[in-house]
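Chemist: Got a structure for you, written out below as structure tokens; questions coming shortly.
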Amino acid sequence: MTERAMPSPVPVDAAAWLRGARRLVVKVGSSTVVDGRGQVRADLLDPLCSSLLDWVEGAPRRGAVLVSSGAIALGWPRLGLKRRPSTLPDKQAAAAVGQGLLMAYYEQVLGRRGRPAAQVLLTADDLRDRARFNHAHRTMEALLGRGAVPVVNENDTVAVDEIKVGDNDRLAAMVAVLIQADLLILLSDVEGLFTADPRRDPSARLIPLVAHPGDPTLGASVGQPGPMGTGGMRSKVEAARMASVNGIPTLIARAAPDVLERVASGEPCGTLFLPSPLGLRGKKRWLAFYPAEAGTVVIDAGAAQAVAQRGRSLLASGVVEVVGEFRAGSVVRLVTPAGQEVGRGIVSFGAEELRRIKGRRSHELPGLLGRVRTSWEVVHRDNLVLAAATEPAREEGA
Ligand SMILES: Nc1ncnc2c1ncn2[C@@H]1O[C@H](COP(=O)(O)OP(=O)(O)O)[C@@H](O)[C@H]1O
Ligand SMILES: N[C@@H](CCC(=O)OP(=O)(O)O)C(=O)O
């Protein structure tokens, strides 16, 4: 776990990010939304929603998205179940009941301020496909442009493992990328990221600032989620990493009624994860989040260095092995022979062709494939994002 000072002029207090933000994503976990009796925690959420709208109305062209968990926790008592369900059909049934209750609450509380609450239910498939991602983006823009508050949750009723994002922390990071948010706030039942699970270790200390979210040792100390939570602190750290790679800072803080005011006033609270100075843009943002890779391309040390450190495209001469079956245009993982992930990218050749040309020089390729092309890059650098582990080397010099 690292607590390094940030050497650059990037703001290291959440207040500056919040003040300057135009787009904000706030995620509330199940324990924030639902009490032990299966009721909405209106005492907490009413003021929280109200301060969110105060922030939106505090400057022109601001918009906020709420990512809200709680459908299952609200739904199972209403469905007459004795305890939180453990089977998928029961969880899905509970979510179907609870999601309606959740939206009824948000419509009422946001409606008091004249703001429509817009239910947006997403699965990983909606963000995996570039065309669907763009549709979702346009819908969000339309909602924000008209002053609605999108209330996002995973589409639990239909989501099975293959199409699940899996937890709402990651979903919130994906939504932050989708709307090009300036700040992601993950609210939970804990002050922020600690050096150890504070429920188990009383000596655990709060980490106020994470300057390098890509640091692989970060998260080594995280324990299990709380009784209502799904992903726990691990998924929050992962979400913060995703956001950081995409140039978005993340604050993890305790969900208090006045938490946004406290952040805005500059009071130190929570853990702030700084964005990577090499924040991705456009297609690369999407690519970094593309959850399913169609195959793996093993590349040699020279190619890994060219791609990761010199910002070059991947050429056939650097390809050592091709794993899996995929078509041209698929997303593949690039790894070294030792298995270290270099990045992911959109490949210009199908697996079968790539096997024929691996290790060969560009001038040999027309003869091998029996056709000519204007470019022979296997993965063009514009279609490539580096793995978090390879980012810091470039960040230092940036
Ligand atoms: N290193 C850590 N720092 C902070 N919290 C941790 C850590 N390890 C485990 N936790 C636990 O993670 C819980 C928050 O995650 P979770 O229960 O999933 O919340 P939510 O429902 O808000 O998403 C906290 O209650 C805390 O006990
Ligand atoms: N989609 C689920 C929540 C999933 C989830 O990630 O929950 P949490 O860890 O409490 O944010 C629901 O609405 O019940």
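The first residue you see is number 1, and the count goes up from there.
Cβ atoms are placed via backbone N, Cα and C, with glycine included.
Since we're looking at a predicted model, the values are computed, not measured.
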Chemist: Name the residue, out of Asp156, Asp182, that TrEMBL lists for the same substrate site as Ser69, Asn168, please.
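Modeler: Among Asp156, Asp182, only Asp156 appears alongside Ser69, Asn168 as substrate-binding in TrEMBL.
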Chemist: Cβ under 6 Å from ligand 1: which of the binding-site residues Lys27, Asp156, Asn168, Met233, Ser235 qualify?
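Modeler: Near ligand 1, sequence order: Met233.
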Chemist: Work out the three-state DSSP category of Asp189 (ATP binding site).
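Modeler: Where Asp189 (ATP binding site) sits, the three-state DSSP reduction gives coil.
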Chemist: Within the domain 'PUA' (295-374) only, compute the mean pLDDT.
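Modeler: The average pLDDT of the model in the domain 'PUA' (295-374) works out to 92.
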Chemist: Cβ under 6 Å from an atom of ligand 2: which of these binding-site residues qualify? The list is Lys27, Ser69, Asp156, Asn168, Asp189, Met233.
Modeler: Ser69, Asp156, Asn168
Chemist: Count, for each of the binding-site residues Asp156, Asp189, the other C-beta atoms lying within 10 angstroms of its own C-beta, and report the residue with the smallest count.
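Modeler: The binding-site residues Asp156, Asp189 were compared, and Asp189 has the fewest Cβ atoms within 10 Å.
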